[in-house]
Amino acid sequence: MRGFLTLTVRAVSRVPRRPLSGGRPPAPLGARVLTNPEDIFQHNMWDHVQWTEEETEKARLRAEENSKEKIPVEEQSKYDGEAHKYWDRFYELHQRKFFRNRTWLFTEFPELLPPDTAGLCRPELEQDSRSESGNREKQQPCGSCTLTSHMDTFPGQHAAFRILEVGCGAGNSVFPIISTIRGSKAFLYCCDFSSQAVELIQEHPDYDPAVCHAFVRDICDTRSPFPFPPESLDIILVVFVLSAIHPARRAQDVVTSLAGFLKQGGIMLFRDYGRYDLAQLRFKKGQCLSENFYTRQDGTCVYFFTKDEVHRLFSDAGLEELQNLEDRRLQVNRGKKVVMHRVWVQSKYRKPSLISD
Ligand SMILES: C[S@@+](CC[C@H](N)C(=O)[O-])C[C@H]1O[C@@H](n2cnc3c(N)ncnc32)[C@H](O)[C@@H]1O
């Protein structure tokens, strides 16, 4: 295993330019680039690592090998049907200690930062008003106010900027977001199908119902209501959660139904495990459910995406690409002198605005 993970490192002569995605500048995914292979043990992580064909082939063979033996179909349904129980046990055991706070959140996803909300939701703008010329003009009502026609009252109803995080776990993104939006006109919803995880959030000293509403919800159950109306969200954050869901049976329905809650122009922000990430190659035989989908010892599941699959998921939900990239990095264990390839997919997809004549 160690031999397999000890990879050749090619020097890169300059910082590679990432391709522009959707006409927008790429996200700042870090700029620590290894230009001299001798420096490899100087840092714990190197960015923008390119794989040789040989490395890709080695990884492909390794994944082929560890997925040869599939878990028998009759045993597989429990991983799907009882998924929330496995995650409940996970949070009972690890509490808040397993995942680290997502410190990269605002660097990679500056869209999460509430815009200057001044004037976005002023009740006086929701009625007819006079323009400077004295003519009566019909102002466009803001999202919050039209929403009351769908639902009488709901948490975050008066917010001018609404974020939802699905599969929020113990709050590693939730609390950084709460501390950032406090004092703004933004509101955060967060849900997880593990009631243990949601309790950890609600019991956290920084949890504040004035800014955040945490609730239990299985996002695969697309018919259950959410505590906000359709087309009411500016941002939906989907980090390391779609990988936990059956890729073929469920993921598309989940993304399509979530897209219905975005406002026009609202954005889905996605980050998750990429194909041939170290975590995939480390699986042993007998843990594979289907191609690139595995179950861990604790019964939780994980899928490894390509960016083309991610593109299909979001564009089939009617969203347009702003960014879709593979974030390939080299993780270094300086003590053991081992280097490992990490792969994540990071994407941003927007709900198009309807063009009216
Ligand atoms: C790998 S953890 C990531 C947690 C969090 N997003 C983070 O980045 O720290 C995956 C989370 O997704 C949740 N999850 C998995 N399937 C879900 C589903 N169908 N509905 C809601 N939450 C789900 C799990 O309970 C778990 O908290």
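Quick reminder: no glycine exception, Cβ is built from N, Cα and C everywhere.
Curation does not apply to TrEMBL; its annotations are automatic.
According to TrEMBL, the region 'Disordered' annotation covers 120-142.
Sequence annotations record features per position, and here TrEMBL assigns compositional bias 'Basic and acidic residues' to 123-139.
For the domain 'Methyltransferase type 12' (164-267), the model gives a mean pLDDT of 96. Annotation source TrEMBL lists domain 'Methyltransferase type 12' at 164-267.
Residues in the domain 'Methyltransferase type 12' (164-267) partition by DSSP class (helix H, G, I; strand E, B; coil) as 28 helix, 28 strand, 48 coil.
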